[in-house]
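Structure first, commentary second.
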Amino acid sequence: MRFATMTEKHSCELRVPFEHEGEAEVAYNTLKVDPEPPRSGVTKSFLLEKNMLIVTFEAEEARKLRVAVGSSFDLISLVVDTIREFGTTPPT
Amino acid sequence: MVVAIGFEGSANKLGVGIVSDGVVLSNVRHTYHAPAGQGFLPRDTAAHHRKHVLDVLRRALDEARVTPADIDCVCFTKGPGMGAPLVSVAVVARTVAQLWRKPLVAVNHCVGHIEMGRLVTGARSPTVLYVSGGNTQVIAYSQQKYRIFGETIDIAVGNCLDRFARVLKLSNDPSPGYNIEQLAKQGTKYVELPYVVKGMDVSFSGILSHIESQGREKLERGECTAADLCYSLQETVFAMLVEITERAMAHCGSQEVLIVGGVGCNVRLQEMMATMAEERGGKVFATDERYCIDNGAMIAQAGWEMFRSGQVARLEDTWITQRYRTDEVEVTWRTD
């Protein structure tokens, strides 16, 4: 995780490694769909680098940045748990 | 055979259900109860859904005795509802759809209620009263749309009841409305309240403010009991709903009323509606708490209809939306 304060804007970058590229891709496809709420004042972008999911946040207010990063964390761990529990298709 | 799995979490109920050609194979629900005197907040509700959704999903699969391979489509609530809870559940639906390589179906919550009501009761083309904590609408089907004939212009009827339950510090378990209904049975005195029908629309916020201030004062002076207030509130708001439903029936020439949504399990509302319907030579269709209250099977059932008529969503189009009106949905699965 990397935090930065550039001039007025606050930003944060999360780098989440997955076991396989396929899993990172599932998480990427799942999480990039919902835009941040319009009034959150946060812009969020997703990037996929092999098995690494990279999420970048930018906001004017640190408080709003924290909220957005926190809720993204919650959703990322939910996706990870879902993959862990339902990812391997049982032998038919 | 088409098997659909449905994920619901637009409010405080989390549900996963599996439906196969009109048969409910499983319908697991886990409800978040806020402390007495408080309403459920989006943050806490979303945390509840995230905590329990995988367990609820596992139980739904086990009870239905199906494996992911048997499933044809993954349906989820796109909206309307609270943002954070909706996202928490949609994220799981999107993830499993990719893991299992199944198409996604994005379902309107209100349409889910209507389709489940039609399936369970066998009502063919009823006038629908959809009453819950977040919605109050009178709906009738015409030309590929569920059209809204009347609705609340401020808060939902269930919200009015829930918030009055908070004034009385009634428990939120199993639901505030249920506890009001039970207490209302002991009411003997009708306390006059504003009656607010405006054309085909209704309004509840003024009634709530009135009973919150005047009702509380009467209670403190010992002029009435909490039970009297519950009774009076129910009689008033339900009479308003029956009035606009009757007008919609008259307009559509319809003989059937279907009551859906969480407030739809209220037996007093069902009785009042039945009296009106019988006077018109019509019939009321209602479901019990399994299907009235938000659940996963209703999303699966509406999704099943949508899937069979070719309505699947591309992954990038599966964003959730807090506002999603019933009449925005193209009802491609009905031919009447």
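Backbone N, Cα and C atoms are what each Cβ position is placed from, and that goes for glycine too.
Together with B:His109, B:His113, B:Tyr130, the divalent metal cation site in TrEMBL holds one more listed residue from B:Asp288, B:Asp294, B:Asp317, which is B:Asp294.
For the pair formed by B:Asn266 (substrate binding site) and B:Tyr130 (divalent metal cation binding site), distance between Cα atoms is given as 12 Å, rounded to the nearest Å. Its Cβ taken as reference, B:Gly177 (substrate binding site) is surrounded by 28 other Cβ atoms within 10 Å in the chains shown. Listed in sequence order, the residues of the same chain lying 6 or more apart from B:Asp294 (divalent metal cation binding site) and placing their CB within less than 8 Å of its CB are B:Glu8, B:Ser10, B:Ala11, B:Lys13, B:Gly15, B:Arg29, B:His109, B:Ser132, B:Gly262. Minimal Cβ crowding within 10 Å, among the binding-site residues B:His109, B:His113, is found at B:His109.
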